[in-house]
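Undergrad: Here TrEMBL flags 31-38, 652-659 as ATP binding site. Annotation source TrEMBL lists domain 'ABC transporter' at 619-948. Among the features that TrEMBL reports, zinc finger is placed at 261-288, 751-777.
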Amino acid sequence: MEQIRIRGARTHNLKNVNLDLPRHKLIVITGLSGSGKSSLAFDTLYAEGQRRYVESLSAYARQFLQLMEKPDVDLIEGLSPAISIEQKATSHNPRSTVGTVTEIHDYLRLLYARVGTPYCPDHDIPLEAQSVSQMVDAALALPEETKLMILAPVVADRKGEHAELFEDMQAQGFVRFRVRSGGGTANEGVAKIYEVESLPKLKKNDKHTIDVVVDRLKVRPDMKQRLAESFETALRLADGRAIALEMDTDREHLFSSKFACPICSYSLQELEPRLFSFNNPMGACPECDGLGQITFFDPKRVVAHPSLSLAAGAVKGWDRRNQFYFQMLQSLAAFYEFDIDAAFEDLPEKIRKVLLFGSGKQTIPFSYINERGRTTIREHVFEGIIPNLERRYRETDSVAVREELSKYQNNQPCPSCDGTRLRREARHVRIGTGDYARGIYEISGWPLRDALGYFDGLTLEGAKREIADKVIKEIVARLTFLNNVGLDYLSLERSAETLSGGEAQRIRLASQIGSGLTGVMYVLDEPSIGLHQRDNDRLIATLKHLRDLGNSVIVVEHDEDMIRTADYVVDMGPGAGEHGGVIVAEGTPKQVQSNPQSLTGQYLVGKRTIEYPDERLAPDPERMLRIVDAHGNNLKHVDLDLPVGLLTCITGVSGSGKSTLINDTLYHAVARHLYGSSAEPAPHEAIEGLEHFDKVINVDQSPIGRTPRSNPATYTGLFTPIRELFSGVPTSKERGYDPGRFSFNVKGGRCESCQGDGVLKVEMHFLPDVYVPCDVCHGKRYNRETLEVQYKGKNISEVLDMTVEHAYEFFSAVPVIARKLKTLLDVGLGYIRLGQSATTLSGGEAQRVKLSLELSKRDTGRTLYILDEPTTGLHFHDIALLLEVIHRLRDQGNTVVIIEHNLDVIKTADWVIDLGPEGGAGGGQIIAQGTPEQVAKTKASFTGKYLAPLLKRPTRKVAAG
């Protein structure tokens, strides 16, 4: 069958959709936010494809797989097994890295175990077992007539007189010895040759190194047999080690017949893949257990307010309010003669050290006053504030105490493994030779583009090449795919929990291509999220490659380039929520463009556009928010000037340092100043211009709630005035109902059968859990008495089931509720329901709910708003609405900073700061800054190159305000 036939799809808001999609093509489903794209792609096509495949498995296998709900559809034909790649964070496990998620690390472990060369950690010498014939060949390779002495190193740096050893060797016929006394190895200091008669008596408590002289000879071709016998004898005496000493130059050649260091005998068992795994005790660093980080009590967090005195609370819990600890500090102040009322930062360095880390062996008379007022003096050492916290953390069984103490902790790279996660032995195994020899941790730390370059140029000799060929081919293939989806700036050691949703999705996409599956239906959710226009072409080429393998690729996407290059486009609409769920246009991109009903087509053909202003507000040099010398992650000592009161876009290719500069440095630094936040900002020298702000708000895409009980009404504060309204109607007053009666989270008004959930979970073994409507309240969440209370003919359950759009009309006469609903409408969320579970909202929807909450608050005009890719999940038309809201915030005098790749947003900004030039180590610099027009003229700016065609007409600059 050449088509996927869908008949009568009614999942969520789909209105009896009939659709024929071509198989083995790249299909883009687009449309307004909330128009039913995900309902069609994920909840209908993917859900049914996955369900049919899983149901073909045995009952035993099914119990381990999560089954999706059966979609509401009459017929689907032509489906293949389905794989969904969504933009969810990969893992919250600190042991997951890019290398482990993509399985590249597994191939690297195999490669190092099979062709790696171990080195001695102390002497950096390859551990290579040599045969006697190899030793003979090495000796014969020296210039002819070279005087050689063959030695057996029998004692290495050991105390004792060693008289028995000399007697034993003499009995075996050896009469000469090389001895070095006073510690160190034979390579250090002066070693002397002694005949057995003239051997000095060795001091018992000194360390000695003793070599037995096995033979002395000159290098000549006819000496092959004699050399072989001498080496065999030396190896027998010295447990597999031998030394060939050039007598004229004292140059030594070390040999070992075992897999061991010829100097210190350091040896390693046979290399195994698990030695290179930081998730296995055999390979993990014993200090940090393979996490690469250790937790420590950070003096900066412990002394939260260094400008205050100890008495006033420089260290929480050690001030006047805690009598026990404060008495200790008073005794310390008396002993060391410092002022307990002086600012902590002004105390001498020595005193600060004693306070934080203890008095060492110095005992101090401590004076304690008990409850009866009696004074007791005890002499003991002072433990120190930080050792005190460490001991309490170690000894407590209380989760609450641990949580409280963990506020003073921070992470730092493990000093034992330098953050590489691996034990010493694994770090000293390398592949390649000479300058090309590299350890597994070095390759894992490089950007993926450099790792690919290394393997492309790696040449191995002989048997090693044959063994490694297939493994290297797999590694190169996977690295190539990762580079092709615009992730060349990531490293294999990058923790999976630090990846954005877009990065995690593209990693999964690259892994799928690496698996080489064919005949599969892939469903992707906006793979272009977080991707710069420059990398978009590579992503599209990757999706086409996936299609050309013989797969159907279905993409929910709003990106213009993606829509134009698709084989088939489905445009959903015409509106959102209950106004959507219909196919407005379908066909090739050209057919969609020519369809007058299609909103997408109108934007593609240029009938509708997102306008940019005729005038740009000019920054005031006197009103700047300035970050000095930001150097976190890959930032290269950046000085950032953000104009106050303007809309600034931070742009740059993926991995160029945008999030580090804005989220990790700017937001945390301003939040710490304004609110005393405990989050540590990324390293920077100073921040200036904070007097212009009284609030900072970071509107990100994290969920607004992790439980089904959280919903837009509770998050935005809408539910409180709605409950108050219901408690004020006559029926409630007669019955004495307060606002709490209308909450589904507390006993009283809710249905106790389902505890206010509206559904009951039925666990089905071998099948997905089934949620059935509660048979007492029939899904309404409340008991009968509560539902009898009505406002304008609707009860509380019916109000929660209203869309924002419907509720705005319904509550138009109640200003406190209408104002909050209006802001939800303004950000394009008129289609979501007030009681809709927060877990069903996408990242973009959650971000806009947060934005609407901030919009509904009273505004001072002195707020710094930070938005991270607010256009995620938005159609051209939705972006136009969102921009109106953002410009309104700016017009009220606020400062808005947006991290964004969308050119339609960038072209409407007052100011653009472009980071780059590349991602990862190649980024971290400001490449261009100024108006969009100025950035478009900057040759070094990738953003400028793509922005220039959109800026056709001139704009004027006008002063802000």
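In case you wondered, yes, glycine gets a Cβ from its N, Cα and C as well.
Set these features in their place in the structure for me.
TA: Within the same chain, the residues at least 6 positions away from Ser656 (ATP binding site) whose Cβ sits under 8 Å from its Cβ are Tyr489, Asn634, Leu915, Gly916, Pro917, Glu918, Gly919, Gly923, Gly924, listed in sequence order.
For the zinc finger (261-288), the number of residues in each DSSP class (helix H, G, I; strand E, B; coil) is 4 helix, 2 strand, 22 coil.
As a whole-number mean, the pLDDT of the zinc finger (751-777) in this prediction is 82.
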Undergrad: So what's near the zinc finger (261-288) in sequence-distant terms, Cβ-Cβ under 8 Å and 6+ beyond its ends?
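TA: Counting only partners 6 or more residues beyond its ends, the zinc finger (261-288) has Cβ contacts under 8 Å with 95, 100, 105-106, 108-110, 112-114, 116, 118, 120-123, 125, 127, 156, 185, 187, 239, 241-243, 254-255, 294, 414-417, 420-423, 425-426, 429, 440.
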Undergrad: In three-state terms from DSSP, label Lys37 (ATP binding site) for me.
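TA: For Lys37 (ATP binding site) - judged by DSSP and reduced to three states - the answer is helix.
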Undergrad: So what sits near Ser33 (ATP binding site) in its own chain, CB-to-CB under 8 Å and at least six residues off in sequence?
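TA: The list for Ser33 (ATP binding site) reads Ala576, Gly828, Tyr831, Gly844, Glu845, Gly873, Leu874, His875, Asp878, given in order along the sequence.
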Undergrad: Would you please pick out, from the binding-site residues Lys37, Lys658, the one with the fewest other Cβ atoms within 10 Å of its Cβ?
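TA: Looking at the binding-site residues Lys37, Lys658, the Cβ with the fewest others within 10 Å is that of Lys658.
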